[in-house]
Amino acid sequence: MMNRIRCSIPWVTLALAGVALGLALLPSRWVADPLALFCFDHQAIVQQGQWWRLLSGHLVHSDSTHLQWDLLGFVIFGSWLEFKDRRLLVLSLALALLILDLVLLSSWGLARYCGLSGLLYAPAALMLWQHFRRQPHLISALPLIAGAAKLVSESLQQQAWLADQGWPLYAPAHWCGVAAALIVWLLTRRRHSSPLGQPTLYR
């Protein structure tokens with residue numbers, strides 16, 4: 001059994017948040033339009049081979065409000081999970097990235113996409129579920145219920161709760177993050193189903 005990797009400083013979370021902030025603050029004399037250069041652009045990826053957009057598209061944002069809310073959520077939930085187990089954070093983000101990029105490249109995807117929200121839903125879902133599992137009563141369930149209500153409401157209304165993002169909301173991105181969290185949870189449970197194993201995060 002591999003031991004979990006605890007950390008005192010959430011370097012992975014801070015590094016990704018720092019890159020997202022840095023891209024937003026790039027001087028115009030260096031890059032005239034960072035969003036156009038780095039966003040997920042289906043045509044540029046498939047026809048021009050600009051594969052870096054599969055990663056950079058999740059680190060650029062449509063406007064400052066979009067950036068602020070995404071960074072706030074990502075730093076909170078990413079740090080929370082990274083303090084518990086850095087490996088689970090990396091795994092959840094990698095799975096969310098893979099699932100979301102596959103969806104975006106499929107016939108259900110978009111011509112253009114940007115933002116961290118699809119990725120941040122992975123650590124958010126994991127930590128809200130863990131919080132409830134450790135204290136299974138109504139008060140502990142409220143954050144999980146609120147998160148689920150936000151997810152479902154935004155999917156039905158196609159409108160973000162907290163801010164107008166400039167670009168239309170793409171709710172399937174959030175579900176991709178939740179799907180990644182579910183996979184990590186199932187893998188964690190299976191790995192520790194042996195009598196010799198002890199759960200690192202979930203019970």
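Just so it is clear, glycine is given a Cβ too, placed from its N, Cα and C backbone atoms.
Copied from TrEMBL, the annotated features are:
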type	residues	note
DOMAIN	48-183	domain 'Peptidase S54 rhomboid'
TRANSMEM	66-83	transmembrane segment
TRANSMEM	88-104	transmembrane segment
TRANSMEM	169-188	transmembrane segment
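Residue counts for the domain 'Peptidase S54 rhomboid' (48-183) by DSSP state, with H, G and I taken as helix and E and B as strand, are 96 helix, 2 strand, 38 coil. Taken together, the residues in the domain 'Peptidase S54 rhomboid' (48-183) have a mean pLDDT of 90 on the 0 to 100 scale.
Same-chain residues lying 6 or more positions outside the transmembrane segment (88-104) and placing a CB less than 8 Å from one of its CB atoms are 4, 10, 12-13, 16, 40, 42, 54-55, 57-58, 78, 81-82, 110, 113, 118-119, 121-123, 126, 172-173, 176-177, 179-181, 183-184, 187-188, 200-201.
Sequence-distant neighbours of the transmembrane segment (169-188) (same chain, 6+ residues past either end, Cβ-Cβ under 8 Å): 88, 91-93, 95-96, 98-100, 103, 108, 110, 113, 115, 117-126, 129, 151, 154-155, 158-160, 199-202.
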